[in-house]
Amino acid sequence: MTKPIEKNMLRSRAIKLPEVTESMWEQVDEEHRNLVQEFLDAHSFRDKTRKQYYSSLRQFFWWVHTSLNGKKLYKISKRDFIRYQSFLKNRGMSSSGIALKKAGVSSLNNYIENVVAEDDHNYEKFRNFTRGLPAIPKTTTYEKVKVTYDDYKLMMDALKEDENYLGMAWLATAFNVGGRRAELIQLKTEILDYPVPEGQSYVMSHKVFGKGKGEGKPLEYMINTEALEYLRLWHEKRGYDHEYLFTTQYGGEPKQMSESWADYFCSDVLSDILGRRINPHLFKASCITYLLEVKKVKIELISKYVAHHEDVSTTIKHYDLRDFEEEKNQIFV
């Protein structure tokens, strides 16, 4: 009998909003549809951001069509948008999901306020109605349970037994380097030729692009010798050369790995090994927490060189999963 996976859920996941089909979209006010297309065409968004904005704007304007009787965008008020946020919240959407939907509308509004308003008298007095609203109450669907070093070794041992060299390379890099899934797949094979400087236990990667406007924020990651060891093993075993380290074969042709591979690998392989829910986003926090908790590295250094944050408070708020058990045990001694 298969061992059940511990989900670590704090609340039920929201049911996805129904897709806004093409026939539904055709019913939306033509001006709104044109504004969405103009906005997307005017910006050099990353593919992922573009898809998110396109989806969220279709959802918003379908709601405007059905719930606000197709009210023109320039007539929509802050109160109307609060109603939209309530609509999303009442369907169980998490605070991060609502924030993502809000971001798409806010970005469109900024474009209209700064560009469209100059040429369209209807928008002369238009203001971004998503600004200055009450903060969205934070909700958490899954408890973040850190991947410990023991968890990491257990997974690596299981992958070694399976001769899953790609999995070992990805896991060793994710746990030791702390990059996001979209950043890891940008690592190039040339890294394996970089010499490790004397007195160091890492090499600096070439530039990869992280989250941010346009192509994204340029980042360089510290690739330690343990990650390099398993990257070399994978390179040796895969049997072909390629510009990128993380590759998979599609129709017999090797191609750069997609972001979704990490989702599958974590949910269908690593989760079964540990018996609890594992997702790619855990590894950045787990890497940072391991360096803080076990290696005792100063958080200022980790924040700057591993997390790539300008403010240490961002690292503490989102990625420090320490439980401080040793300190707590001193309280009632």
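Glycine too: its Cβ is placed from the backbone N, Cα and C atoms.
Keep in mind the model is a prediction, meaning the values are calculated, not measured.
Copied over from Swiss-Prot:
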- Arg180: active site (ACT_SITE)
- Lys211: active site (ACT_SITE)
- His281: active site (ACT_SITE)
- His308: active site (ACT_SITE)
- Tyr319: active site, O-(3'-phospho-DNA)-tyrosine intermediate (ACT_SITE)
- 30-113: domain 'Core-binding (CB)' (DOMAIN)
- 142-332: domain 'Tyr recombinase' (DOMAIN)
For the domain 'Tyr recombinase' (142-332), report the average pLDDT of the model, please. 90
Within 10 Å of His281 (active site) (Cα to Cα), which of the active-site residues Arg180, Lys211, His308 do you find? Arg180
Could you tell me the C-alpha distance between Tyr319 (active site, O-(3'-phospho-DNA)-tyrosine intermediate) and His308 (active site) in angstrom, no decimals? 12
Taking only the Cα atoms, work out how far His308 (active site) lies from Arg180 (active site), in Å, as a whole number. 11
